[in-house]
Every structure is written in structure tokens, then in C-alpha cells.
Amino acid sequence: MSENSHIKVIVGMSGGVDSSVSAYLLKQQGYQVEGLFMKNWEEDDNDEYCAAADDLKDAQAVCDKLGIELHTVNFAAEYWDNVFEYFLAEYKAGRTPNPDIMCNKEIKFKAFLEFAAQALGADFIATGHYVRRELRDNKYVMCRGLDDNKDQSYFLYTLSHEHIGQTLFPVGDIAKPEVRRIAEEQDLITHDKKDSTGICFIGERKFKDFLQKFLPAQPGVIEDTDGNNVGEHEGLMYHTLGQRKGLLIGGMKEGSGEPWYVVDKDLERNVLIVGQGKDHPRLYSNGLNANQLHWVDRIGPKGTTRCTVKTRYRQEDLSCTLLVGEDGMARVLFDEPQKAVTPGQSAVFYAEDVCLGGGIIDSVIK
């Protein structure tokens, strides 16, 4: 009998290869393993974009192969209230949110964790995220996944040490090609399934078309950095900093002849500001202000701290100075100016391999 045989682990089964291999590895380690498939989005009857039915089928096939039970739960109401409405409100305010981070906070490590413990009697939950947990000074910390290319700590900075203590991350110290190799070796149907990308509730459809179903367009003027009117936009929410496509001003011959890029948004005037050249000076900032801070250890750095920050997923670490104020705001000064730092996205802080926490970018420091 394995020493783990009395420990019940509920694995969040997404129908992907990472959760499939996580379930397999935990079973190999002797745990009592069961799966849970979460349905977080109620698609329309004619909605061919949402792959939930296929994902459930794949999750069931993997659980059948491994000889484990698969439970299903519908968190669509919680998702709508806590993730989707936030997503819409942020876009309406002209910011660019990251719904995956909010989903991890509100669904996977809140609704799922509570349901697994209370309804299914779980001792732990497990997910296929590429992060590692370590016990340091009697507190769990979250470390980056061993596969730099797949590390997902950026999306999980809203976890607290208590969440990490209740969660196993079986693939966190494995490289992605090895995960696929294990899946193929075990003849799991998901071994060659493509990684999901983009926002789950939008699927493959055009982002703009999806957003228009929920938010009315708010057309306005496009100006260059000198204040000249160079065109019209259908809504600030359809544009992000550094964007080139979809500006509909490509035929203009003014200036340098270089392509136009979004360099700023004037929310008060509903004006989209564009400049020529992908390295336009207006795209750069020397720092950022962040709010809605969350620290994994629930305490966080005090005063001034040297650390690194990521302002988007898979970005190289940026050396910075972090100053956390009494007002709960973080002021971050980069060692070197950075391009297209985007309000609404998350700034996530690291001390070497440990994710300290993060916050939502409120504004940039020019």
C-alpha cells in the first residue's frame, strides 16, 4: 500500500494533455484520484465556437483509460458573475483585462477548491498548471514551472500560500515535450491535442464580433501624436497598445510612410492616438502604477524592493524597483524603458524563481 493511498486528490480535468498527465502521475504515486470537469460557459444552441462538449468527451476518455471516476460541475453562473462581467466592465472602461487570471482566482482556486473539498471530500486538488510549490519557512511558496517556455505563474499570482498548500501541480517540474511523451506512451487520447489559446469563451471567432454582442460600439476619432485627425475608430475597446492591424488608415501618405500603431488611448475624449513606426517613443514608459495588489504570502514586500516584473505572459523578466505605498498602490520603476505596458493587464513580481504576487496595471509612468 502506498503512503498516499488514503489521500484523495481531485484533478481539474480540462480535456487537455497537461491535466491528463497530471491525473496519470498522481495515480502512479498511489493517490486516490478522481477527476472533475468544470463547465464555465453556457454557449448558445448555434454556438459552434465553444469546444466544451469535445473537451468533456476527451476528459471522459482519459479517465476511462486511467480507471478513475470523472465528476462534472457547472460553474457558469459563478463564471458570468465573477469573471465575465469583470471582463466586460474593464473593456467598457477602455482597459485590456486578462480573464484567465480572474478565472483562476474565482473559479479554479475558489469554486473548484470549495466544491472538491465539501462535495467530494478532497484532501487536495490538482491542476495541469506549469508551476511548482515549495515549503519554505513553514509557508508554501509558488515557484516558476521548470519549463521556462510554459511557466504559468503569471496567471496564478492571485493564489495565496493556503491555496498552494491545498493544490498539487504534478507537471510543474516536467518539460512540455516530456508531458506529451508520457501521454503518448500511456496511449492517452489527448497526447497530440493542441494547447488551447486565447480566451475560452470566445474560441476561434473574431474578438470584435464577440464583444459587439455585449457592448455597444462607441465610435470616435483617431488622432496622430500632434493632434491631427487621421481617421475614425469604432470603439477604444477594440484596440490595444502597439496594435497595427485594423486601424483602417493604411492608405495615408503623411509623415514617414511607416505603418501606424496605437500608441495611446484618451479615455476622456474617446480618442485613439496613433504614431508611425513600431518603436514610436509614445509606446515606451519608465514604469507603472498597479492596484488590486495580491501577495502570495499575504504580507508582501514593504518599502522599496529590488525584484523583477512581467507585464504580460511569456515576457522576459524586467529588472525594476518596487515601492508599495500605504495606500495599497505599487509604484514600479523599470531599469530600462519598456514598450506597450497596458492598463488592465497584470504586473507580476518575482524574486528569482519565486512568484511574490502582483496587481492590475492602473497607469503608466512616462
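Positions of Cβ are set from backbone N, Cα and C atoms, glycine also.
A TrEMBL annotation is a machine prediction, not a hand-curated record.
TrEMBL lists Gly12, Met13, Ser14, Gly15, Gly16, Val17, Asp18, Ser19, Gly128 as ATP-binding residues, and of the candidates Met38, Met102 the one it assigns to that same site is Met38.
In sequence order, Gly12, Thr72, Val73, Asn74, Phe75, Ile107, Lys108, Ala111, Phe112 are the residues near Met38 (ATP binding site), counting only same-chain partners six or more apart with C-beta under 8 A. When Cβ atoms from all protein chains are considered, those within 10 Å of His129 (site 'Interaction with tRNA') total 26, not counting its own. Asp18 (ATP binding site) and His129 (site 'Interaction with tRNA') are 7 Å apart (CA-CA, integer value). Residues listed for ATP, Gly12, Met13, Ser14, Gly15, Gly16, Val17, Asp18, Ser19, Met38, Gly128, cover a largest CA to CA span of 16 Å.
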